[in-house]
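Undergrad: Here it is: the structure, laid out below.
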Amino acid sequence: MAGFARATASPAPALLTGERLVVFLFAARVALEAPAGLAAPLAALAAAALAVELTVDGSAPASSPLRRFRTRPGASSGILLGATTLPCVMLSRLIQRSRLLSADPNGPEEFAYLEMQYWAASISCLSVLAFFLWHLQQAPSNGTSKYFKYGSLSIALYLMTYFLSFLLKTNGGLMVTTNMVYMICHGVAAVILIKHILEKFPSCSSFGEALLVSSGLVLYFGDMLTHTLSKMDFSMSSKAFMHTPGTRSDMTTIIQGNLLGLFLLPLLYKSLLQLWDYCRMEGKQQTQAAEEHKRKRIGSAVFYISLVVVLMFLVPSWTHLVQGLKVHPFVWIINYMFTDSHERLALCAYWICVIYVSVRRFYSISKQSKTERILLRKYYHLVAVLIFSPAVIFQPAFLDLAFGAAFAVFITLEMIRIWEIYPLGHVVHQFMNAFTDHRDSEILIVSHFSLLLGCALPKWMSSGLNDRPLAPFAGILSLGIGDTMASMIGYKYGVLRWSKTGKKTIEGTAAGITSVLAACSILVSLLASSGYILSQNWLSLLIAVTLSGLLEAYTAQLDNAFIPLVFYSLLCL
């Protein structure tokens with residue numbers, strides 16, 4: 001067995017691959033637009049991520065200290081892409097915000113808080129890289145040990161630039177201490193969360209995908225916690241040194257409140273189940289089948305009670321605390337829908353018709369025909385274009401709310417499916433299973449989440465002042481148009497492959513890039529006729545479309561998650 005391990009020890013991994021080259025060009029494009037004080041940490045983070053990825057990819061699977069974490073089969077580690085995507089997104093938003101400082105009275109406050117979020121995202125990713133390195137140091141010395149040293153050096157360089165940046169900007173004292181604690185909390189939370197994701201959801205994600213999810217969730221809920229603390233009456237207000245902007249809309253608060261409640265729902269549900277089990281320990285013993293059946297019914301009742309408690313009491317309490325809302329969020333939503341009711345209600349009716357027709361048609365096709373599953377799923381990408389594009393142009397604020405509601409419904413349905421909540425659990429599982437692919441598992445179905453979030457995140461991040469009118473369309477264009485055309489043309493007509501082992505073709509990538517450019521030219525005309533002031537540079541747009549198209553061709557990661565964020569970042573420049 002030892003001889004087999006030595007024989008199968010993988011050689012030193014290739015330093016340059018297609019995915020790494022595209023990620024390097026993406027990070028370099030963002031860094032070139034940024035101030036040196038923010039670009040240097042990004043370069044150090046990318047160097048550390050590359051070193052960790054090379055170390056992980058060069059380790060024999062049987063002897064790797066990370067083998068305890070089972071990742072998605074067929075996917076590369078993706079650590080470089082996962083570690084650089086979110087910091088690049090935040091840095092691109094920071095660059096865009098710097099152009100709008102003079103046009104926004106709250107610009108300096110927004111800029112300072114966004115800069116804090118950039119550092120928080122970077123520290124979260126860096127902490128996860130350090131966590132990986134800590135595990136990798138337990139491996140026996142091999143040919144990739146030099147990459148381990150490079151990774152450690154890059155992390156040290158990043159920390160030096162971080163400390164220097166804050167020491168030069170502040171006079172020390174409480175503000176520096178608070179910022180350090182704030183960043184350390186993000187880093188620790190990211191490590192705890194990615195460890196939980198990799199252990200509780202085995203074979204559901206790669207390291208890079210788990211890194212993106214964990215750092216994104218920590219940043220999102222860290223933002224919510226910061227705003228919550230800033231509203232509390234302490235003897236020394238956190239707002240004095242956390243720079244929380246006071247321009248958050250009621251709608252944004254309601255969306256965040258509902259998502260917060262749904263993410264806390266599993267904790268409440270499991271706690272109540274454990275309490276019920278404890279109370280039943282002294283009860284009368286029944287047969288195993290009868291006990292299991294009764295527990296499933298009780299568990300379903302506990303779930304619905306927990307859901308009602310969260311939505312009816314927890315969410316309103318939080319929105320009242322941070323935003324001062326006097327009405328229940330659901331009442332606020334109903335009032336908003338019936339204000340300017342003709343256009344919004346017509347849009348709702350249009351969405352219902354499109355969703356009903358497409359789901360009924362494609363579900364029937366998936367059961368009765370031999371249509372390739374990949375093509376069937378790409379049809380849903382086209383449906384996303386039909387649903388979201390009119391709303392982005394005519395009702396952009398209402399679309400933010402609709403995205404939040406759809407995501408909340410998806411989270412609830414996935415919980416019902418996983419926990420087999422009576423009577424919907426089995427029905428939801430059968431329906432969702434008709435649209436899964438090789439990246440989904442029985443434990444967690446990520447396809448529908450990633451498609452929705454891929455379209456929603458660029459729109460959410462573009463709310464407020466925005467001098468790049470195509471940025472809100474980043475997810476719709478890259479997934480609904482580019483990814484779909486690349487897959488369909490590549491599947492039907494592709495001959496020349498990008499690599500010997502991959503399935504992506506040059507013809508498909510060319511079709512994807514061309515279709516997105518054509519869609520952008522049409523959108524620019526529509527936006528101009530709708531009164532938007534256009535400032536999109538066409539050379540910058542060409543670079544953005546090309547790099548995101550090449551990433552789709554080369555990456556083995558979940559493209560629905562990464563491509564919209566990369567495309568959005570490049571569109572903001």
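These residue numbers are counts, starting from 1, taken along the chain as shown.
Backbone N, Cα and C atoms are what each Cβ position is placed from, and that goes for glycine too.
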Undergrad: Of the ranges 17-35, 416-434, 473-491, 549-567, which one does TrEMBL list as transmembrane segment?
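TA: Checked against TrEMBL: transmembrane segment maps to 473-491.
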Undergrad: Under 8 Å, at least three CB pairs between the transmembrane segment (301-321) and the transmembrane segment (249-269) (pairs 6 or more apart)?
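TA: In this chain the transmembrane segment (301-321) contacts the transmembrane segment (249-269) - 3 or more Cβ pairs sit under 8 Å.
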Undergrad: Taking residues 6+ outside the transmembrane segment (249-269), which of them lie with a CB under 8 Å of any CB in it?
TA: 220-221, 224, 302-303, 306-307, 309-311, 314-316, 318-319, 322-323, 325, 329, 332-333, 336, 397, 400-401, 403-404, 407-408, 411-412, 415, 419, 460, 463
Undergrad: So which of 77-96, 180-198, 210-229, 341-359, 379-398 has the most C-beta pairs under 8 Å when paired with the transmembrane segment (473-491)?
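TA: Checked against 77-96, 180-198, 210-229, 341-359, 379-398; highest Cβ contact count belongs to 379-398.
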